[in-house]
Amino acid sequence: MGFAARPFHIVFSLFVLAGATQALIICPFDSIYQFGDSISDTGNYIRILPNGPAAAAANFPYGITFPGIPTGRFSDGRLIVDFIARVLGLPLLNPYLQQNASFKNGVNFAVGGATALNSSVLAAAGVQIPDIYLIPLSTQLNWFQTYLRSNCSSPTECSKKVQNSLFLIGNIGNNDVNYALPYRTIQEIEAYVPSIAKAVANATREIIRLGGRRIIVPGTFPFGCLPRNLYLFPNGDKDDLGCLRRLNDLSIYFNNLFQQALNSLRIEFPQAVIIYADYYNAFRFLLRNARALGFTSTLQSCCGIGGPYNFDLNRLCGFPGVPVCRNPREYIQWDGFHYTEAAHRHIVQYLIPDILKELKCS
């Protein structure tokens, strides 16, 4: 069962997004398809048995800001993909594993804990994935192909459906790095980062071959600004924002390889619009302008306990006795691993004007 292509007339205030005047934005998207990890998961992980229903994101205080109950989002509220959908005039995406859900305007295939590389590839690099997280990007692509086979009456209909959609591939690859940080050197991790970039590029290539024409591929956030990593490496050299320099250098290396891979894809597929979303600098912008944006805390977790970063690996958000801050809107960091709805909103506000321009929205 397909649906006809139709442009969405999106009216939004650029004062909200970029401090300018009101404008009419028209983007020809029927739907959004999201792939990724817990930064983008709107409820898949909590539906994976046996561990999902007991996951933190399935329980309070996750969802405390929006919609007031847990939804499977690893945050207090809405995610980056939710705000992008809002800008495009589309409803929030339902997770692929939600039974009887409407997928008329797209699907979210992202899963908490997901990796860009398969577990066997990571194991060969000496990286062990926790048994509760075993849904790599390749599995999400298989889900997407299954979805197409179930929702198209012909290859032509599938191609039309895909061409009229926006794809977000990631961000993903964070977990490939973060799982290794406690027991692998930076040099050992750097050795397999090119494989991460290649895996994401191959996924992007597959989407284009299936007919995708507009694709956003985000880079990674600064690894050195995450409370979990600041907790793990308390004596590491820090920059003027309080982030770990060496881990942020790893993020820059990671993102440079991603951009090189995307440049090659643009040459290979000139008919496609492939956009790199600069999550790294968007996040650094939030840290540097925190006070002006309404944040009172930049590196402390809203939900957590202990130490300078309000984070303890042995007492995580959602554990008994672990408190949540009074006003999550004043925090950038949510639980030491993920970000608040307020942070997600400002990241989209930072990125969306350039993204709309590159998508050739008018």
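Placement of Cβ uses the backbone N, Cα and C atoms for every residue, glycine included.
For Ser38, the entry in Swiss-Prot reads active site, nucleophile, with the evidence type similarity to another entry. Residues annotated as active site in Swiss-Prot: Asp335, His338. Taken from Swiss-Prot, the feature N-linked glycosylation site covers Asn100, Asn118, Asn151, Asn202. Swiss-Prot lists 1-23 with the feature signal peptide.
Everything Swiss-Prot records as a feature, shown here on the structure.
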residue	record	Cβ within 10 Å
Ser38	active site, nucleophile	25
Asn100	N-linked glycosylation site	5
Asn118	N-linked glycosylation site	16
Asn151	N-linked glycosylation site	16
Asn202	N-linked glycosylation site	16
Asp335	active site	27
His338	active site	27
Considering only the recorded positions Ser38, Asn100, Asn118, Asn151, Asn202, which residue has the minimal Cα-Cα separation from Asp335 (active site)? Ser38
Using only C-alpha positions, which one of Ser38, Asn118, Asn151, Asn202, His338 is spatially nearest Asn100 (N-linked glycosylation site)? These are the recorded positions in the record. Asn151
Which of the recorded positions Ser38, Asn118, Asn151, His338 has its Cα closest in space to the Cα of Asn202 (N-linked glycosylation site)? Asn118
If we take the Cα of Ser38 (active site, nucleophile) and draw a 10 Å sphere, the recorded positions of Asn118, Asn151, His338 inside it are His338
How many whole Å apart are the CA atoms of Asn118 (N-linked glycosylation site) and His338 (active site)? 22
Rounding to whole Å, the Cα atoms of Asn151 (N-linked glycosylation site) and His338 (active site) are apart by 33
Mapped DSSP class for Asn100 (N-linked glycosylation site), helix or strand or coil: coil
